[in-house]
Amino acid sequence: MGVLPVPAEVRAILLDIEGTTTPIAFVQETLFPYIKDNVKEYLRAHWEEEECQRDVGLLRKQAQEDSSLDGAVLIPLESGSGKEELERVIQAVVDNVHWQMSLDRKTTALKQLQGHMWRAAYATGHVKGEVFEDVVPAIRKWREAGMKVYIYSSGSVEAQKLLFGYSTEGDILELFDGHFDTKIGPKVDSESYRRIAASIGCATNNILFLTDVPREANAAEEADTHVAVVIRPGNAGLTDDEKSYYSLISSFTELFLPSST
């Protein structure tokens, strides 16, 4: 795809994770199946812990908000009447989590539980975060050129830090100046990019956002943020119109920073 010059006013690079820094296959074939396969066991092991109860409380509240949706699973309150009832409540949480995941929901409640489960998986070495081989060298080069580098993902900030803290490249958290998740707003909402710019103390046109999702790219553009769409193995294909409209890169090494010359 050649070289893509970075506009001179850009001071910060904002990175998506799935399909941008990290193979979609890692998320789809490792991280998400881990949740589905282990959520019941995790809940049983950690049910009495305050953190787990907060997670369940958030899921219960989200379930109430979702009650009008087809297939939604409500999570009953415990009355303390024994193991059988506890198993019913846990099963309701499991069913709710599976239902949300089947719809690729991005709710904060779901992402928080997933983040806590992944924390245990990373810490025990069951999972290591994958990054494309061009990512670390490119980010180091950007930082040497004076760029700030941030992550914006629908996965929770905690899940982001776990992926990069326990990565196949080791602990690379030092490469990032900050992390944003859906608490700042949905990635398909242009207002989210204005909030991010305000949070890091710059104008929206001082940011270059790299993502594999055209809807996210469009939202960022509406906020006057610079955008490039990343083409990686396993990513969804682009339409001819999208290919001709967006700036495209297949590797971070294709970005050319004028300030680095």
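Residue numbers in this text run from 1 along the chain shown.
Each residue, glycine too, has its Cβ placed from N, Cα and C.
Per TrEMBL, the feature Mg(2+) binding site maps to Asp16, Glu18, Asp212. The substrate binding site annotation in TrEMBL covers Ser153, Ser154, Lys187.
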Taking the mean position of the Cβ atoms of Asp16, Glu18, Asp212 as the Mg(2+) site, which residues outside that list, in the same chain, have a Cβ no more than 8 Å away, listed in sequence order?
Ile17, Gly19, Thr20, Thr21, Thr22, Ile24, Ser153, Thr211, Val213, Glu216, Val230, Asn235
Roughly how many Å lie between the Cα atoms of Asp16 (Mg(2+) binding site) and Ser154 (substrate binding site), rounded to a whole value?
9
Cα distance, Asp212 (Mg(2+) binding site) to Ser153 (substrate binding site), nearest Å?
12
Out of Glu18, Asp212, which has the highest number of nearby Cβ atoms, where nearby means within 10 Å of its Cβ, if these are the binding-site residues?
Glu18
Please identify which of Ser153, Ser154 has the densest Cβ environment, defined as other Cβ atoms within 10 Å, among these binding-site residues.
Ser153
What is the number of other Cβ atoms found within 10 Å of the Cβ of Asp16 (Mg(2+) binding site)?
22
